[in-house]
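Features reported for this protein in TrEMBL:
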type: REGION; residues: 11-38; note: region 'Disordered'
type: COMPBIAS; residues: 14-35; note: compositional bias 'Gly residues'
type: DOMAIN; residues: 76-235; note: domain 'Nephrocystin 3-like N-terminal'
type: DOMAIN; residues: 346-423; note: domain 'GPI inositol-deacylase winged helix'
type: REPEAT; residues: 617-649; note: repeat 'ANK'
type: REPEAT; residues: 655-682; note: repeat 'ANK'
type: REPEAT; residues: 688-715; note: repeat 'ANK'
type: REPEAT; residues: 745-777; note: repeat 'ANK'
type: REPEAT; residues: 778-810; note: repeat 'ANK'
type: REPEAT; residues: 807-839; note: repeat 'ANK'
type: REPEAT; residues: 845-872; note: repeat 'ANK'
type: REPEAT; residues: 878-905; note: repeat 'ANK'
type: REPEAT; residues: 906-938; note: repeat 'ANK'
type: REPEAT; residues: 939-971; note: repeat 'ANK'
type: REPEAT; residues: 972-1004; note: repeat 'ANK'
type: REPEAT; residues: 1008-1037; note: repeat 'ANK'
Amino acid sequence: MPLPPSELHFTIHGTGGEGGQGQGSGHGGHGGVGEGPTVNFNYGNKEEERKKIIDWFSPINFFLRQADITQMREKGTGGWLLANPVFKKWESGSGSTLWCCGIPGAGKTVLASMVVGHLGTKFTGKNIGVACMYLNHKEVDNQTPSRLLAGLWRQLVLDRDIGSIAENLYKQHWEKGTVPSLEEVVNVLNSSLKEFSQVFVIVDAMDEYPEFQREILLQKLAVMGINVNLMITSRPNISPEASLPNLETLDIQAAPEDIQAYINAQIKLSPRLSKHIQKKSVLREQIHAKITEAVDGMFLLAKLHIASLITKSSIGAVQDALTKLPKDLHDSYDVAMQRIEAQDKEDQEIAHSTLIWVANAKRPLKVSEMEAALAIKPGDRSLNEDYLLDIGTILATCAGLVIVDEKCSVVRLVHYTTQEYLDSIQAPKFLNAQTEITRTLLTVLAFDGFPDPLWNNCRATLPPLVDYSQYCLTHAAGQPEVQLRENLLEFLGRGFQWKKTMNPIRYSWGWKWNSLPWNYADWPSPASALWIAAATNLVNSTKSLLEGAALPQHSANQAIIIASYYGHTEIVRILLDKGDDVNTAKGRYGSSLQAAAQGGHTDIVRILLDKGADVNAAGGSLQAAAEGGHTEIVCILLDRGADVNARGGRYPRSLQAAAQGGHREIVRILLDKGADVNAAGGFYGRSLQAAAQGGHTDIVCILLDKGADVNAAGGKYGSSLRAAAQGGHTEIVCILLDKGADVNAAGGSLQAAAQGGHTEIVRILLDKGADVNVARGYYGSSLQTAAKGGHTDIVRILLDKGADVNAAGGSLQAAAEGGHTEIVRILLDKGADVNATGGRYGRSLQAAAQGGHTEIVRILLGKGADVNAAGGFYGRSLQAAAQGGHAEIVRILLDKGADVNAAGGESGRSLQAAAQGGHTEIVRILLDKGADVNAAGEEYGSPLQVAAQGGHTEIVRILLDKGADVNAAGGESGISLQAAAQGGHTEIIHILLDKGADVNAVGGFYGSSLQAAAQGGHTESVCILLDKGADVNAAGGFYGSPLKAAAQWGHTGIVHMLMEWGARVRALVEN
């Protein structure tokens, strides 16, 4: 169904499919292309667009974690680290790496946050960046290398330009529903790093990061640049020296003075301990001495000990406890568990349930989720708030083992060693942990009204655990399958219905894509219970579904493919034993063999081949293995006769896939097996271009030595030289030029380097004869793209080399749009035409006005810019400033003679533009200057219509007070009343009706105001209009009648209401 044109701003719509963050989202390179959200770019609000790009590119926000940890630090502690000579050497150096290692519980995380805060304060106002990364074993699915590096970028672009590389990636991937690769993320990060004279990066808890990903992350951190100082904290059990040579090591342990400061603060916070010490002052010294001796440099032990002492009711009890303080973590945790067991039965149960949830959660739980989890009972049909416990009550039962991060509102175990302790003790009360969690989540997913698409209309109606319930089937694998057999099988039977409801919720409210199977891009429609069981590795459920039955028709939606992709070996065997077709092919990963190869599951690859899988089936198992870097699988497939030059898959050839991924060994193997080094096709055109784009210098050299054509054209970048130039890979650019790469080949290497801000590469290309004035492709001329990106040094270099300052495309306009004042001055000094036309904004003045760049507006006007020049997206500069909400610029332009009633551009006139944006002050300014209150625009109608549609009540009142015609027709909304009804703005509806708006006026997209309100699901608006005499059977508009509009959009309540008011049902049934 088409979306009304008036709603075509930057909107995201859940489409009932899955898309890639595949956070899959692969955001970060794991996830896929599916029926993701659709995007329409509205360039009207640059700050809003900037925020969307940042949130899309980097869903991990370490600012909140930093704030939480900073709050945990006791004031005055940690000074010893800042004064340490090794730290000071690292702090004052450049390009150095500091490894801070310490035993568990030594306080490494708090010290890391202190360093972040110290550096941020010390270098405020300087061109020095500070970024942090807090690794967490509970968030490994979320914290992929791509997302973590993107998280660094997010911090570095705070209050800075995000850069054209990020903007272009956003547009490129949104339109295709894809996500940035790891190399693309690295390129964006590197472009930001280069903007600083120095950058400090602090990475905490490297030992908590999985080994298979740790090496990738360390490799990327190691090559961030000579201006980056890196600090890493970890346990001593990992050795990063191999990836980070020449690092300095600093041992971390809790200083006695820090422990004493912490103890004093906790005593002050505890009324009970404070009272004991008032009676017997020597008790303070006894507490200090005993705890400091017992903890031996472990801050966490001090926390556990003081948590125990504050519960003691007498001085004697405190002293007795001091004589028995455990000196290791395990014993201290035993004491905490004994305190839990000493509580009354109800508090014990609360503590046990809390520990079960927090210790077994697949991601950190929100406070509201924890509270709900304890309140829900088996068989509940809704969340009974009478059973909700507040988080303070919950924490009080847990003996200090559970804490809350206040800023993030997340519940955590006090330390990751607490998780290790709970895993080790296997307490009888925890044996059914997974079953209890699964039972609760199944209860939530069976609540009344869920799954129901109508829940999507109001997030407030959703129980807190609905978000976490996406992990239900992850918890269900194993013992819960036996204990909850019937419940699970019943749920699997309706799992697709559940997923269809969850999908739009995830898109509408920011659910991030992750690697969970039910976010798989090719979820079948409808998915069988068997497919869902195979996807989620429910072995027992799979067996139950197949008991006494032949394999379902069509192999139950190709369950074997999804099982192969996720590496569920036992399920693959079960399905094959049932006679599943080993060569069945469908969806993103094609055959089972291709899926297993893509996932890197060697055992499954062997099983499938032994069962007769076609090694050369269309789709490309060899390409899939090469892309994933799975060397052993590549060798197996080649030994089984895989065609090394076969076409198919995302990359047309295996060699290109391996080259792009940087898999040097696989590249050598493929070449040795006869891979065509110059085979053409696919996204990157040739293998050489793929390697050049990825920055894989060694592979570039291998390919060139094997005869790769250095000037072969094609692919996204046009040439290998441009691919390397755009990525900022200086060494590869030099290699390609030395091998005869054409510096002026189609594709624009100079433009690409200028766009990325790669100054050294720009110099190299110019020295090699690059044409400084050639204009090609997306970026236009090199000068234009450098100006837009704000790369002042490159602008100067290009001008010195003879760049045409007035070449078509508009370098001045590009600089004005980006707000780059210095570049604007440079270009004007070099003779740029201040009134040159062209480009998106028509003139430089319009570009500056829309962006809110006041100083540039003054400069351009001072140089003779025509204040009333027409053209471009916004028509006039005044309209651009009004739309952007820039009141000061509006005043400047009016003072310079801007025509307040000039027409043109997207919004029609300046008054419409201001009314659309809800800019009340600007509306007043324009009216005071004589703006026509009833001037009509083609698309948006009158200013009153625009304000009514946007819900800007105050502006509606102002316009009516100035004589706006309440029944003026025009634009897509017909009249103002229809515009207000479409948005459900009831107060405005009342105002317009009180001013005489015709409730049955005909016209516009919806035909009538009642149809507009019915389509939008605005029940109160429908009631108001009916009470005022709206014709319930008015015909016309996009949907034909109000009843049809409400029915088509599933607004059941409104359908019943309209029928009660006499809406004719017969026409609807016939329709």
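A Cβ is built for glycine as well, from the same backbone N, Cα and C atoms used for every other residue.
Because TrEMBL annotations are produced automatically, they should be read as predictions rather than curated entries.
Across the repeat 'ANK' (906-938), the model assigns an average pLDDT of 89.
With DSSP classes pooled into helix, strand and coil, the tally for the repeat 'ANK' (1008-1037) is 17 helix, 1 strand, 12 coil. Within the same chain, residues 5-6, 906-909, 911-912, 915-918, 920, 923-924, 927, 933, 977, 979-980, 982-983, 985, 987-988, 991-992, 995-998, 1001, 1003-1004 sit at least 6 positions outside the repeat 'ANK' (939-971) and bring their C-beta atoms closer than 8 Å to a C-beta of that stretch. A contact between the repeat 'ANK' (878-905) and the repeat 'ANK' (845-872) is present, since 3 or more of their C-beta pairs, 6 or more residues apart, lie under 8 Å. Each residue of the repeat 'ANK' (972-1004) gets a DSSP state, and the totals for helix, strand and coil are 17 helix, 0 strand, 16 coil. The DSSP breakdown of the repeat 'ANK' (939-971) into helical (H, G, I), extended (E, B) and coil residues amounts to 17 helix, 1 strand, 15 coil. For the repeat 'ANK' (906-938), the number of residues in each DSSP class (helix H, G, I; strand E, B; coil) is 17 helix, 3 strand, 13 coil.
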